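Here TrEMBL flags 32-44 as compositional bias 'Basic residues'. The region 'Disordered' feature in TrEMBL is assigned to 32-59, 71-112. The compositional bias 'Low complexity' annotation in TrEMBL covers 78-88. Marked as domain 'ABC transporter' by TrEMBL: 123-389. The feature transmembrane segment is assigned by TrEMBL to 504-525, 537-558, 579-608, 614-635, 642-664, 763-784.
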Amino acid sequence: MSRFVDKLPFFDRRSSPMEEAEDIPRNGLLHVHHHQQQQPHHHSGLLMQPQPSPPTKQSSFTLAQLLKRVNEARSDASSPTSSPTHSHYTIELGGSVPGSTGSDLSEHMHGGGGGGPLLPFVLKFTDLTYSVKQRKKGSCLPALPFGRAGGETAEPEVPRMKTLLDNISGEAREGEIMAVLGASGSGKSTLIDALANRIVKESLHGSVTLNGESLDSNLLKVISAYVMQDDLLYPMLTVEETLMFAAEFRLPRSLPTKEKKKRVQALIDQLGLRNAANTIIGDEGHRGVSGGERRRVSIGVDIIHDPIVLFLDEPTSGLDSTSAFMVVKVLQRIAQSGSVVVMSIHQPSYRILGLLDSLLFLSRGQTVYYGPPGALPSFFDDFGKPIPGNENPTEFALDLIRELETMPDGARDLVEHNKKWQMRMAPKMKHHDGKPSLSLKEAISASISRGKLVSGATDGSVSVPSGESAPAAAVSKFANPFWVEMGVLTRRAFINTKRTPEIFIIRLAAVLVTGFILATIFWRLDDSPKGVQERLGFFAIAMSTMFYTCSDALPVFLNERYIFLRETAYNAYRRSSYVLSHTIVGFPSLIVLSFAFALTTFFAVGLAGGAEGFFFFVAIVLASFWAGSGFATFLSGVVTNVMLGYPVVVSTLAYFLLFSGFFINRDRIPRYWIWFHYLSLVKYPYEAVMQNEFSDPARCFVRGVQMFDNTPLAALPAALKVRVLRAMSQSLGVDIGTATCITTGPDFLAQQAVTDLTKWDCLWITVAWGFLFRILFYVSLLLGSRNKRR
């Protein structure tokens, strides 16, 4: 360790903050490994390997020694419940065996026998090939066989398949940074996605192994992390809050909150974010941290659980040279803590180049160079294009590759030269070939036992199956149980909501303004036939307004869609936890909006039912908000942007209103459209408030001569109407006076065909719609958030 620190004078020689934050001895995240720093410009070989370090005095041991000691101890005492086929050994984190020394582990990890360095983790990829279908340019109409008019020849046919990766091979090792370089469109991001299992297996050909074993998708999600090119963070959270929420997601419940806070503080120090710890992330409308600080926060979110493998897609994109160097310096410390780091980078500076261990140059999906940075001059000397002494080797290489790509044959000559150069240099480098010292199961277990991959140790111990066919190290898919995830998500969402009060204020203002306008237009409606028709208009507009108001729920998920995809791609939390927390956070505001609308309109319009009728009106308005927000939330999981979502919401709600029964009664709707009537979200709250208003049989809405209203006889003088009414009474043999009730509330409901369901049935069906749409939202997240290329 001292030799390593001597080579890096800017490192603090005190113990790492992470070690101070935890009471267990560990060589995990944020702690510098015992690798000797390599000088990339002085290597003459093809591949750079970490140099074996001498035995250290740290109290440590190999996994095999631990298992042997535990087995010997158990052989002395019989256990009646033990089973030879299902037995396993449990190794406590940070435990020590008396008499063991760190030299045993050092010799085992570094192959102390002289056969070359033995590496704990080696990520190897061989002959990776990936092609996609290419759409033809121009019109979808078939091309004419005789070319274009005027004698022009037809354009050359576009190849049906486009190869993005063409037989790419290489390997990345623990303690090193492997950088993928190339011009835009060369395949850098595609290769990172292939290594991170973000391409479906059916489309990707070749193999990706860790310590010689194929990686299961679920296991890879647990032991690795992927940092996207874009900084996907909640803008209203501070740096410390962002990392703390990441810790609560990725660190197990068994780790106390106090220890998680210490861990976050140590990570803030390692990332150089102490001065920005209490600053919000910010966005276009809110001033926050700088671009370099935001990038380091993004990295911190994904390394909080100390992953074994770290993938990064252009982590220095858009940063100035100083910020970019600081980011790569952080990545070097992560690699030296015992991780495999693979990243794509556009154009590294001299200083950044000195931090990289191996380079992989791509040109149109093909390898044009693979090896250490120090071998670049000899490689291009052999190619006949020597690198000038005062020029950055990577800039020269990228400029030459771009120049070759403009040629008809592209960079084919450089690709062939790389193959020959690799074959020629390989025999000289045999003594540098690194081999994994442990099986994948043993390596993961050993990493967890020394403090890495905290989310894998759910109870502070590591379970290592003893059978030959046993699965890999026992790591859980999620770090925390369902209810813990839901609590953390709910708390984070409430903080975001509290810091953006303008969103709720605008919604409340919209509801109050709408209610005020409706109250003043439909002020104190009477029980005349005109009052009945006006009530129908009020109910139709009021209930449909509830659904239109809820369309503002559409951009809520769309704004955080990619944050959700990033967090769930590597099992930070379950999708079901997100759906439930999303529901919990949004419900209180719906209650406030419901009471605000009901208080503004119910008494002003003069609706019936008293206190019971008022609270039912509040309940049906709340149910309408619930179903409408659920519908908008479901659509946000289906569409990809707001511009597509709003036309769908508006047009669909218009159809719901059309088939609700207001414009045309249920018994008048054609049979081939009746199914849409029962699918209409507006139908059920509309019929519920209708029955709440007109269900009283003692309430009369048409008396005596009022029956002539809304007919041609309405223009007759009142005396003449009375005479006509008497004549009708004599003809029918029924006494019909001016005070005789002609139509009651139930009669009117029968006229409107609102008789198939009770008002409580309508209420519960509306509530059920809200639950159904949230279930569909969950299904859309399951099907639409695979986050893999095809």
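Note: Cβ is positioned from N, Cα and C throughout, glycine not excepted.
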Non-local residues, at least 6 beyond the ends, that sit with Cβ under 8 Å of the transmembrane segment (537-558): 503, 507, 510-511, 514, 518, 522, 525, 564, 582, 586, 593, 597, 601, 605, 621, 624-625, 627-629, 631-633, 635-637, 639-642, 645-646, 649-650, 653, 656-657, 660, 662, 681-682, 685-686, 689-690, 693
Considering the transmembrane segment (763-784), which listed stretch of 579-608, 614-635, 642-664 counts the most C-beta pairs under 8 Å: 614-635
For the transmembrane segment (614-635), distant same-chain residues with Cβ under 8 A (at least six beyond the ends): 542-543, 546-554, 556-557, 582, 586-587, 590-591, 593-595, 597-598, 602-603, 607, 645, 648-649, 652, 681, 685, 688-689, 692, 759, 762-763, 766-767, 769-774, 776-777, 780
Arithmetic mean of per-residue pLDDT over the domain 'ABC transporter' (123-389): 85
